[in-house]
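Trainee: Before we start, here is the structure in question, set down as structure tokens.
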Amino acid sequence: MSNIEPSNVKPSNIELGTIPLAEAPATKLEAAYIAKKIAPNNSNPNAPVWVFVHGWGASANTWAPLVDELKSQCEIWLLDLPSFGGNTQAVNSPSAVAADIAKILPANTVLVGWSLGGMLLPLIAQQIEQHWPTKTISHCIGLAANAKFAQGDNYTAAMPAETFQTFCANFNVDPTTTWSRFGLLQAQGDSNRKLVSRQIKALHNAPMPEQFTAWQQALTWLGAIDNRVLLCEITTPFLHLFGEGDALVPADAAVAMAGINPLHQTLVVASAGHVLHFSQPAKIAQIMLARVHAKRNKARVAKSFSNAATEYDSVAYLQQKLANTLCEWVPEQAEKIADLGCGTGYCGLQLQRPERDIYSLDLAQGMLHTARSKALAKQQLFSGVCADIECLPFISNGFDALVSGMSMQWCEDLPAVFSEAHRVLKPNGEMIFSTLGPQTLFELREAWAEADIKLGRQGCVHVNTFIELDRVEIAAKQAGFVIEQTSREIHVLTYDSVMPLMRELKTIGAHNVNPGQEQGLTGKARLKAMAQAYEQFRTAQGVLPLTYEVGFYQLLKV
């Protein structure tokens with residue numbers, strides 16, 4: 001995850017009433033919930049509709065800054081919850097609200113919710129999965145939405161229960177004053193606090209006397225919802241965004257949510273408070289769009305390594321040898337360590353000490369499952385998170401050390417990787433990692449190129465490419481790291497023929513996942529031509545070599 005810096009943004013000048021609308025709501029239920037439908041100029045009928053659900057004390061107006069960023073790229077529906085905005089529906093439970101919203105959703109949806117609205121997303125997703133087989137939620141994106149709003153039942157990454165109870169009691173006595181104080185809390189901890197406060201005053205309306213009772217009821221929903229079990233059961237993809245300075249939903253919730261379901265992606269947005277979409281709308285829009293339109297190769301990397309997880313250790317002797325070297329570089333005094341790209345958990349097991357807390361992170365859920373099984377078999381604790389090294393779901397200044405063995409080469413954005421690593425490390429924390437250089441697999445790359453020329457099929461990408469190690473060092477320094485130690489090594493594996501070489505690459509998940517790869521099976525003629533071309537590398541000892549260029553690095557955050 002990139003370290004999200006505060007944007008220089010102005011208060012939104014959107015007046016939702018002036019935005020062109022799509023067709024009017026057709027049913028009574030739609031008329032109650034849908035405040036606005038906003039169609040882009042060039043609408044793609046196959047694209048998902050983005051549906052937004054606001055939080056307590058707000059209305060559809062809260063999304064104005066994000067609408068400004070997204071309106072040209074997707075169709076948008078803005079909903080009002082019962083007794084908020086223009087929705088006068090009387091609904092007596094969160095599950096009933098979720099059922100209503102599920103009924104009115106279009107066939108293909110990206111569902112976005114903030115605070116209470118975000119806590120409703122798992123309930124809505126459950127409704128769709130269980131009762132609406134013709135509808136799909138392609139992504140759920142929660143902003144400042146915890147699994148449980150207040151502490152209790154062994155969940156501590158939330159607002160203290162006493163604080164929440166006091167707030168509810170104060171609202172019952174003096175709703176208007178309490179709502180005003182709530183606005184101050186929403187802006188607290190945000191580097192754009194003044195901007196957020198102005199936006200709250202402009203876009204959030206205080207409750208009217210006839211709304212007091214319904215808003216009090218909505219507060220009880222906020223305290224009653226506990227999505228911990230549901231988040232484990234639903235299959236809809238989730239992205240959870242949290243503000244680093246949020247005074248209502250602590251940033252620690254990111255780790256807690258990742259622990260509930262390691263397949264969900266979580267992200268802590270630096271310098272943001274509770275109303276992330278007021279503070280940094282451009283950045284939040286960018287994050288959401290990137291999630292929904294994620295590059296295919298990342299998904300292919302995850303799938304490739306997930307498929308390899310069960311057999312990976314049987315052929316990963318080089319990877320384990322390199323991991324042993326890496327672990328020797330980790331400071332003994334490091335107590336809180338994150339293993340980035342943990343694979344089957346080899347590094348984590350080597351680093352385990354009674355006094356250490358180790359967090360294992362991987363993009364491939366299959367690898368995490370294998371790592372968890374290995375740890376439990378050794379009666380060791382396991383904390384696993386399914387996430388991208390470029391999008392770390394951790395708070396700032398939290399780790400003594402980061403370890404990453406042979407994973408960095410799969411990242412697309414090295415500046416983001418090092419920026420994130422620098423953010424989550426404590427001062428004087430260290431990042432120790434190994435990665436592959438461009439000489440890696442050069443024999444296979446050249447053999448395929450020669451075969452393609454012979455068969456008149458130039459331009460195909462058969463072998464993963466790796467960046468120059470000098471560029472790795474430059475990116476690390478630009479992020480603020482000092483390079484304490486570095487080493488470059490060449491390792492050569494040998495094989496009797498090409499086929500076991502290819503099978504081994506597939507078994508460890510390191511076969512081609514680059515853009516430009518031809519789809520479908522590789523024909524026998526092409527494999528034969530490649531094998532013949534590879535023969536030029538056969539050594540005097542009668543074996544075929546396969547080269548790995550490896551860089552080791554120890555970085556210091558100063």
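All positions are counted from 1 along the displayed chain.
Using N, Cα and C of the backbone, Cβ positions are placed for all residues, glycine too.
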Trainee: Same substrate site as Trp56, Ser115, Leu116, Phe182, Gly183, Leu184, Leu185, Gln186 according to Swiss-Prot: which of His240, His264, His274, His277?
Mentor: His274
Trainee: What subset of the recorded positions Trp56, Gly183, Leu185, Asp246, His274 lies within 10 angstroms of Ser115 (active site, nucleophile), using C-alpha positions?
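Mentor: Near Ser115 (active site, nucleophile), where near means Cα within 10 Å, the recorded positions are Trp56, His274.
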Trainee: Where's the emptiest Cβ shell within 10 Å among the binding-site residues Leu116, Leu185?
Mentor: Leu185
Trainee: When you measure from the Cβ of Gly183 (substrate binding site), which residues in the chain that are at least 6 apart have a Cβ under 8 Å away?
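Mentor: Gly57, Ser197, Ile200, Lys201, His204 - these are the non-local Cβ neighbours of Gly183 (substrate binding site), listed in sequence order.
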Trainee: Suppose we draw a 10 Å sphere around the Cβ of His274 (substrate binding site). How many other Cβ atoms does it contain, all chains included?
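Mentor: By my count, 27.
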Trainee: Helix, strand or coil by DSSP: which one applies to Gly183 (substrate binding site)?
Mentor: helix
Trainee: What is the total of other Cβ atoms whose distance to the Cβ of Asp246 (active site) is within 10 Å?
Mentor: 26
